[in-house]
Structure formats: structure tokens, C-alpha cells
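J.: Take a look at what Swiss-Prot says about it:
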type: LIPID; residues: Gly2; note: N-myristoyl glycine
type: DOMAIN; residues: 614-804; note: domain 'Reverse transcriptase'
type: BINDING; residues: Asp1040, Glu1074, Asp1096, Asp1157; note: Mg(2+) 2 binding site
type: DOMAIN; residues: 1219-1388; note: domain 'Integrase catalytic'
type: DNA_BIND; residues: 1393-1443; note: DNA-binding region
Amino acid sequence: MGQIFSRSASPIPRPPRGLAAHHWLNFLQAAYRLEPGPSSYDFHQLKKFLKIALETPVWICPINYSLLASLLPKGYPGRVNEILHILIQTQAQIPSRPAPPPPSSSTHDPPDSDPQIPPPYVEPTAPQVLPVMHPHGAPPNHRPWQMKDLQAIKQEVSQAAPGSPQFMQTIRLAVQQFDPTAKDLQDLLQYLCSSLVASLHHQQLDSLISEAETRGITGYNPLAGPLRVQANNPQQQGLRREYQQLWLAAFAALPGSAKDPSWASILQGLEEPYHAFVERLNIALDNGLPEGTPKDPILRSLAYSNANKECQKLLQARGHTNSPLGDMLRACQAWTPKDKTKVLVVQPKKPPPNQPCFRCGKAGHWSRDCTQPRPPPGPCPLCQDPTHWKRDCPRLKPTIPEPEPEEDALLLDLPADIPHPKNLHRGGGLTSPPTLQQVLPNQDPTSILPVIPLDPARRPVIKAQIDTQTSHPKTIEALLDTGADMTVLPIALFSSNTPLKNTSVLGAGGQTQDHFKLTSLPVLIRLPFRTTPIVLTSCLVDTKNNWAIIGRDALQQCQGVLYLPEAKRPPVILPIQAPAVLGLEHLPRPPEISQFPLNPERLQALQHLVRKALEAGHIEPYTGPGNNPVFPVKKANGTWRFIHDLRATNSLTIDLSSSSPGPPDLSSLPTTLAHLQTIDLKDAFFQIPLPKQFQPYFAFTVPQQCNYGPGTRYAWRVLPQGFKNSPTLFEMQLAHILQPIRQAFPQCTILQYMDDILLASPSHADLQLLSEATMASLISHGLPVSENKTQQTPGTIKFLGQIISPNHLTYDAVPKVPIRSRWALPELQALLGEIQWVSKGTPTLRQPLHSLYCALQRHTDPRDQIYLNPSQVQSLVQLRQALSQNCRSRLVQTLPLLGAIMLTLTGTTTVVFQSKQQWPLVWLHAPLPHTSQCPWGQLLASAVLLLDKYTLQSYGLLCQTIHHNISTQTFNQFIQTSDHPSVPILLHHSHRFKNLGAQTGELWNTFLKTTAPLAPVKALMPVFTLSPVIINTAPCLFSDGSTSQAAYILWDKHILSQRSFPLPPPHKSAQRAELLGLLHGLSSARSWRCLNIFLDSKYLYHYLRTLALGTFQGRSSQAPFQALLPRLLSRKVVYLHHVRSHTNLPDPISRLNALTDALLITPVLQLSPADLHSFTHCGQTALTLQGATTTEASNILRSCHACRKNNPQHQMPQGHIRRGLLPNHIWQGDITHFKYKNTLYRLHVWVDTFSGAISATQKRKETSSEAISSLLQAIAYLGKPSYINTDNGPAYISQDFLNMCTSLAIRHTTHVPYNPTSSGLVERSNGILKTLLYKYFTDKPDLPMDNALSIALWTINHLNVLTNCHKTRWQLHHSPRLQPIPETHSLSNKQTHWYYFKLPGLNSRQWKGPQEALQEAAGAALIPVSASSAQWIPWRLLKRAACPRPVGGPADPKEKDHQHHG
């Protein structure tokens, strides 16, 4: 009674089961017209009544709501009666459709309905749809959409097309319930409909709105904006409802098709450029859009909605979701798909937890990695068994188990007498399992035919035991044939007295009379899959013993079906196993390189080569992705070679590290292995299978001539040539094949490099066995051997470009060196490359090679002509003579290895040899390192390490003795005095060294095959001698340099010589300047044999120490100057000392070094006092310190226009403030405003109360964060204070500022703003700072604010002088602390003042004292308040007192009043 129910929470309540959706929507719309609105209880009663009404016959279409209301009982709960009343009124207002014409009258009775004749067509009645109506006077019920509302509406209309009655009824009901604005309706449209439907609806709505605005709408104001904008106002209820009716009416003009056309499903690919996607959309719209339909809005809508996610993010970020198409294209023109092919992210695996796994109960692994099945959460709901899941319940599985056939045999024990025998199919029916399932569906287990397995490789043959009862049982192989009516057995199974009858047999060869006989004796046949024998009452006998056939008469008793397994083609597995790692395991996107066109000749050759590769099984047809171009190349003999350009695939491939360091050194073959044989493999790379997943990276296309058709696609089945990992993979596979052979023949040696194999054996018999075993292993693995290229001793053995003789090696092709001075760059480069190939056997030093290498340098054009100088031409002569002696010995295992190292100015030459041999084993050359200095100790240690590495790798031995060309004295001196890292290496190998010294040429002339003696290398001799202690009788040389100048000082009890000079303009190097200063200093000290050199350059210090021990000059930009040092230091005794610069120590070394540094400083032009004031506007005292007199400083201040305008008195008034006892004791802070160029700056100022030093920063705000930032900058500038004192502004009393002060251990107090006693110092500092800023901006209006503030702080802190102490604020801020006040101190002769005082903060009216002031300052005095402490007392709490007259002393005539104020 009068109860008001709440609105339903769900936007569309569910209809009762059996009620059509459009009927339920009519009931809902009528319910929502109730005032107040319906409750959930009303809907519950409505559903309950409709369920009852659905069972009555009155439920027809259209519904008679009056008849339905008569079924409603009186007093039915809820408001169902009101809902039916609204429906009855609405139904009466809707005009009824015209009734169909009555059927034509007939005099005859209607005939009986014929079931063959269909009834006449009756047009279905369209469901009635109620219009959207708002009750008069109803309050606005607008509520924005929520996601659950949109989802519920979309679920209701998911099966309806836009504009259909069900769609419109649902939308009307939602609009009536939520009363949406224009923006809400637009959101609903985008959520429900596709971009095409939304675009078409938008066009229709625009046209309807234009018509409505033209004819006028109640409540529409043209001056307030368009209708769509005014409808967004929730208060405009009537105007909003007009917009809702127009929005719903726009659906009536939509096309009837609910499906979008084909061009609406065009989507942008993940890697498709955006402009290409828009171009496809544009073409599709031109071809498929109806005439008259505007294309631009649809194109813009689809260009955003159908783009991929990355382009949609770009468009959203730039606000171009519905912008002009040009803006959208420009926004996405720089977008490229992310390159995911080169990125390999490896995330470390987290350690497993210590807790046990909840599946198996064991620790040490994650539950996701557990192999045990997951336990069920509870008992099975079907059988209540907690050990299995519901999906595994036995009740859900079929009760008939299916027998599993065995692979080897099938043994069925079936009864001999079957009540219902089944006739087998005629015609030799062999049945496979799928056919069997189709023939025998749903049979019980006793009627399933036994499956007889057959071997497809041997035809349907089976072993059977035949017992003819006239002889012993015999086992034969019989052919199973369901096409034979009778069983045929050979006559050999029967005895001679077996009765046989003549018969005629019709078979494939025709009718025969005498080939087969008929026996009537019973025959027993036992089959392997049956325990009970088959009994035949008669059978055919083959008189020629050719056939044994078990026919249909025997198989009929078995009731079996022959099962021939599907012929699975065995996979083609090459003998060599496929490699496990290929280098493409991360599977990047395969390359797509287009095939370039070929001329007819090349195309024909390519097709022939592809045909041969296809026949050989190296390639196969392919239809997948990926492509790399191919082309043929003609060889010198006229044949063609197949080339596959795999550069794109190689760029994606990871290099596999090869286990082979390179080709073996054939000199390591011992002379005892005299019997040799070479094996050459044909098409070696084509024997390694290529896994299927890598075929896209090795695919290619053979084009059609003139592009008459699509090309033919192929892919490699084996590793192709041109793939960068093919040699490494083949080398590993071949090593795996040869490893068992190596183990079987330990006395022999097998050399393998790529596809070349060399067999070495001590005897001919062993070589034959080794050769046969190797050949058999290679052939068994599918590696073809080229017989015509096999070489064997006795005879010449050519292997890897070298000729192997019994005791020596020579190169197959030794280059010929023409002697001429003019060379083309490619010619000389090719010649040096060939010489480098044969350099291991060429008896020459590094010098002629280095001379020709230098000729190749400093050339940038490959077409250059090179002109050799006479020394380089002589190097060609030496090389041609050395190449004529090119030969190497083979290893003699009974002799030790020896080494010889020759250090020269051009590099290092190393020789490995054995005694009493005609030729060395190998020659090794190494250039100098690319450094400015190469100590010979470092070169010798590097050569020893290289020698040991090579001999161990090639011969498996170390050199017993190493000869070098360094004298014993030089070697010992280097070991004793040098701190180079090579010293431990030389000490470790010193027991193997043999110093040749001055007898260098004797051993090396034997190697070089010459009689000319070799000159000793002068660079190995020490240039000068280092003294371990300072030389007292020698002068001292100091030198230094900068990027622009160099200087030196020569001192011997006084300065003998000093000089500074600038560097040449092109060079601005500090190292060059330091070296130049040292050279000039050494030139001035040329006459002294001993010298003390002091350097603050570590570079020069280490360079001179290395030069003293012997070094080679390397490549350096300072090489011309470095070459002068040995001349100036030759035969001198030098003491070297490194000085640390800028130490300010009082010793003479630091003083003279600082004096040398001072020579490098360019004098700065001193500013005149007038210029300084015009720049900084400093005070009079600061000008006097800069050299001006008092009168000149006063005149400068009076003549300054900015000072007269902004500060006529030229000083600030004095204030009174409690000061700190020492720097950074107490600070005061404040924020003052400064307006300049319409910008209000907040100057955060901090002042030290002891020194008056100021720190200021300009900000735009007064927040706590700005205050904290300014305080931190002040601390970085002045130091950390103990106390800070500010006003009680919001920035200073904020919690953030207080927390920051607490974290820095700073005590914060507040004072009264603008109080001269408590805040006078910071206020006066604000005035000084702002006065200077006004002066600067008066002179320079365009001066930046930060620059002006920096100049002002420099002027206040560093230039202006305090009058009371005659120091600047910065000097006072960094002055030493006050001495502690002793308990007893002697009276000084200085005039002192005595004061009565009161302690601040106490209300006592009694004066204390008098006490003598320790220090006086502006505003306060330091008074000892106790025997151990003093305190600053302001003037207002002080009274001057007369000094007590000392005993016996005269009275001070000036002191007349003993009680007066200061």
C-alpha cells in the first residue's frame, strides 16, 4: 500500500522459457511506463503469470491482451494488472491490418485434404512493436552506460540484423530505460555495430537532424549550438528525447543486408605497410560501394578500425582516429614492423622451490614440470571416487573393450562350428581396418571377424601345416587367395596311393584338363593364428608342384578377414645422420629475394642443372615460403656450374665454431710414414641431409622463359654449397666417420681437411688395409670417392697445394717475381698474397716483405699505379732469390725441435728447425704491434708464446732450445730493471734461451742460404743509462705542456734557462706539447753528460723508461719527434722522477714544477675598476681592493647611472639579528618576489647569519618541493647548517619540508615575518640582491634572469667587502672557527666594553653583570653568561657599564656614566 519499489538492476530481464523475444519486449516496455517504476518483485510475478498463460490456448499471434487479462485472478500480487492495462490501451491505439479477403463460396462441400497437396501460402503476421513513449511528467532517468549494460544489450541483439524489428525493439527499450544523451548513443552505436553500419547510420542521422533543425524543434535554440551538442545536456529532457527519436529513425534507412560487404573485412597485415593497406581499401571501395554512397567517411572509419594494433596505437596517440586520411597516413608513414628475427631473449630459469610438489609430494621441481598427473580436487560427482577426475570416470566410458591387435601375430581360438557363418567377399577381398569398421558396425564380440595380418613385402603368404592322413604332416608356405573357390595343394604332400580324380579348372590362364586333380580324402590345415585345424573334405592337387593356395573354402571356416597393413613408404634416410645444430635454430623469418631474369642460354643451362640435381635427389619440389636467387656460371672447360646465392640466409645464420684450426702443417708428417695415399670425395656437401624445418631458407625458383608462366619452386634436401656453415658441418660429419678407422689403425695417420683425406702408413701392407677400411667406411656412409683422383706412393703426392717427397715438402705453385718499378695496385696485391701463401717455406727475413707492404699503404683508389723506390725493387730481387730456395723438411721424430727468433726494426722472424737437416721445418713472420713503442722484451715474449703454440699444435712438441739475437748483458739488464709484464714470461722460459749476441749471422746465414753477414740490430742496445738515485752534480730539467703551449725550466741552484712557446696551429695535442717541451729542454742541456729529469706526465715518464731498456719505434702521430729523443739522450746518465702536479707542497720540486706550469698559463687581462663596477656594480671597498683609490672608487659610484637610480646612498641600512657563532651555524631563509618582463619570479634566499654569505635560486612557485630544492642547492653551495630560521609560510611548515630537515639533522625554527629583530638579516639580504638585479636590468634589459642572479651572487659573496672585518662574505664564511673560550683568560690591552645583560627568553627584570663582551657585531654582542659558555645578546637586552678600574690604575676620563644604554 503505497510502497515504492526500486528499479531493476538488470537493463533487460530475461524472458520466461517459451515466450518469444518480441512479445517479452512489449511486456517490458509496458512495465517501464509504470510510475513509480517496476521492481524485481513485479517482474517475478509477471514471469509467473506468463508461464501459466503459455499453457492456455489463448496464446496466439497477435496476442489478445484483453483475453489475457481475463485470465488474471483477482488480487494477483504485483502490478501485473497495471501492465496488462497499458498493453490493452496501446493495442487499441495501433490500427489493425486489413483482413484477408474471404475464400470464394462454393456449393460443394470442401474436399478432404490431400496429403500430397501443400496448403495455400499465408503471409506471416509481423510481430507488433510498441513505440517508445515516456510517461507524462516522469522525472529524467538518465544514467551513463556501464560496460555490463552494453554487454547485456549486445547479447540480446547478437542474432538480429541492424534495423530488424527485434533489434529495434531492444534498442527502444534500452533508450527508454536509460534516457541516454547524444554521446551515450554514439558509444552504443560503436559498440553494437560494425564500422560500415556506424558510418551509414551517421550519414542518415546527419540528414535527419538537418531536416529537423530546418522545420524547428520544441526547445531547440540555434544560437546554443547544433542539436547534437544540446542533446548532451542531461537537463534538456525534451530536446534529448527528440534526438533519440531521430537516432532510432536513422536505422530505418539502413540496407536490409545484415552482413558487411567483402571490402569491410579487409584487414591490415602484421607487417603490411599502412599506405598499402589503405590503397587496398580504396580500390575495394571503388569497386564495391553502391553509387551515390559517400566513400570518404567509410574509408576513414575502416582505415582505423581494420588497421593492426600497432598502427591503431599510433593513431590513438596522435588523436587521428577519425581525422582526414592524409593525417592518418602521415601518422603511420614511419611505422615499420618490429624486427623479431635477430632478437634472442634467454631468460634464466628460476630455481625450484624448497616446498614439496602438490602433485607428487617431492621437492626439487615446479608443479608445472611435474610428470605426475594433477590430483582431482574432490570425489567424482558420478561415482564419488576421489581417485579420478569426472572426465576419467568409468561410467562415461564404453563398457565393451576393444581388443588391441598385436604386431607380430594374432591368435584367435574360435569354435569350428559357427551357427551363423558369414560369406566372404568374392574377388580376393583384402580389407583394411577403415573398411572393416564400415562393413561391420555395431556387432557384438562373438560376430566380429578375426583379422589375419599379412606381410605386404612378401604378398599374402602364410606358413601352414598340412596333414593329408596318407603321409606325415608337412609345413609349407601357402598363398591366401579369397578369389580361389577351392584350396590347391602340391602333389608332393600326398602319397602315391592317394586316389585322385580328373577335373577341369577355370583360371586366369583359361580352362585346364590335366594340370589339377581332385582328391576326396579329408585334409587337415593348421594355421598359426588358429588352434583348431581346418578340415577340408576335398581339395585340388597341383600335379606340377607349383601352387599352394588356401582358398575361400578354408578361409570360410576361419571366418576371418585378410588385413594387409597400409603400405607406409619408409623414410628416405641418408647414411649420414642429419646435423643437430645448423645455426638457424632460432628460426627467423626466411628471406624473400626475388629471382632476377636470365637470358635463354643461362636459363637452359639452369634448367639442365636443376634436372640433374632433381634426379640425384639433392633437391625436391617445394611450395613453402622463402626464396634465394640462383644462376649458372660457365667454367673454363665450357661446362656450367650451379650457383645458389645464399647471402641473405647467411646473414641470418649464427656462425658455428669449427673444431679445426685450419689446414694441417704437412711438415709434421714424420719421415717414418713413407707410404702415402690421397682420397678425394665427389660432391661431399651433398651427402648431409637437411632437416625439413630449414628448407624455407634454401628454397629457389626456376623462372619460365619470358615469364610465360609461374616459375617452378624447389628446395634443397641436402646441405648446399654456398651456405657458410656447410664446410663446418661436413667436416664434423666426416670426422665422425673416420674416428673408428683412426682407433683401429693407431700406427697410421689420417689427415683430413674439408673433403681431402691423406692416409700415411709405415708400410705398404698397412697402407692397403687402411685404404680398404677407409674406402669401405666412406662408401657405406654414402660418400662417393673419385677413383681417378686417388694418388699413392711410389709416385708424386700432391695434397693441399703442396708436393710431399720422402724427406721434404715443396709448394705446387711458387710465384714468379718480375723485377720492375711500376706496378698496378691489384698486381702487387695479388703477388704479395701468393708470397704469403708460400711464406712458411721461403727463407727470408721480415724486412723485404715489410718494404713491399709499405708500398701498398696510403692508397685509396684500387686503380692506382705504384712506383717502387730502389730499396723496394731490391726487396723484389731478394724475394725472387728466396723463392727459388723454397723448401721445407719433414719431421724427424728422433731429433728435438729447435727455434730461432730474429727481432728486427720491421718485425719478428721465427724459424723452427732440427739439427743436421738441410731445410727448416717452418718460417713464421709477425709484424710489429700497432703501438707507439714496442719494447724488445715484449716482442721476444710474444715470439716465444707464438712459437710454443705453433709447435704444440702442429708437432705436439716444444722447442728444446730457442736462439735469439739479444746479448746476454742487455737481456739481464732488462730482466733486472724493467717492470714490464713480459718479464715473468721471459724468466719462465729463460732455461731454453741461447743468446747469439754479436754472432747472429752464423746461424741465420745457414737458414738464408747466403754468405753475407747480418749486422746486429742497434735498437736492441740501450740508448742511455738510468740512474737509480738522483745525481747531485747534474742540473734538473722540468718540462710540461698543454694543448696550446710547451715549456721547460733548466735549474742548477738557480734557473739556467726557461722558455715557453706555442704549438704549431694544426696540432693541439697535450702529449705533443709535453714531448716538444722535453726536446727543447734536452737541447739546452746538450753539454751535460748527466741529467735529472722531473716530469709530471706519466706518458713521457714511461716512454723514457722503456726507451732506456731498448725498444722499437712503432706507428705514432708523434713519430718524427720521438725519433729525436735517442739522439739527444745518447750515452747520457739520466735520473727520472715523476712529479704529482698541483700538490702545493713546500718542497723545491713542487715549487719548480708549479713554476713550469705557470709558464703555460696565458695571462688574463685585468679588468679596470670602472669596467668591473659597470659589470658587477660592486661597492666602494671592493673597488679599492681591485686597485682603485678611495676617491676613484667614490667617483665611480657617483658617476654610475644605475647606482644613482636604484641605490643613491650606496649602502644598505644596518639591522639587528641574532647571529651564529661560526659558519653554517644558523641560517635564515625567505622567499621574496621579483617581477621582470611580466614574469613574477620567486627568489628563494638563504643567508648564513655568521658570514652573511647568500645562496639564491629563482623559481616560479612557492611550494614545499621548491623550498626543499632551494635548500639542497644552498647546502651544495655553502655547506650544511645546524639551524635554519624561516617565517611560518606554508612551504616551510609543510610536513615534507619538516621531514627533509629531520633527515638531514637540521633544526628548524620560525620567526615573525618582517620583524627587524628576528628577520632583519634575510630581509636586508633580499634588498641587496634585488637592488643589484635592478641595476643589471637597467644596464642590460635583455639579460637572462639566471645570468643576472649569478652575477649578483658573485658580487655579494666574492667582491663586496664587509666594513666591520674588511673581508668578503666568502672569506669570512671559510675563515677558521673561533678559539674555545678558556675558563681563565688574561686581559688584553685592547679597549674592552662592559655590559649589563638579560638572558633572552626570560621574563626576569633583574640585570646581570657587568660582563666584558668577547665580540661585538651589528645588533648584538657576545657575552660570557657563565664560566664555560657565551651567548649572543641583542642590544635591547644590554646596558653599557663602565669598566671597573684596576687596582692602582688611573680612571678613564671618557667613562663618565656608569649606567647608560648602548
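Backbone N, Cα and C define each Cβ position, glycine as well.
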J.: Between Asp1040, Glu1074, Asp1096, Asp1157, which of the binding-site residues has its C-beta surrounded by the fewest other C-beta atoms within 10 Å?
T.: Asp1157
J.: Please list, for the DNA-binding region (1393-1443), how many residues fall into helix, strand and coil according to DSSP.
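T.: Counts, helix then strand then coil: 3 helix, 26 strand, 22 coil.
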J.: Quick one: what's DSSP say for Asp1040 (Mg(2+) 2 binding site), helix, strand or coil?
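T.: The residue in question, Asp1040 (Mg(2+) 2 binding site), is strand (DSSP, three-state).
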J.: Restricting attention to the DNA-binding region (1393-1443), give the mean pLDDT.
T.: 84
J.: Neighbourhood of the Mg(2+) 2 site (Asp1040, Glu1074, Asp1096, Asp1157): other residues with Cβ within 8 Å of the Cβ centroid, in order?
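T.: Along the chain, the qualifying residues are Phe1038, Ser1039, Gly1041, Ser1042, Ala1047, Gly1077, Leu1095, Ser1097, Ser1141, Asn1153, Thr1156, Leu1160.
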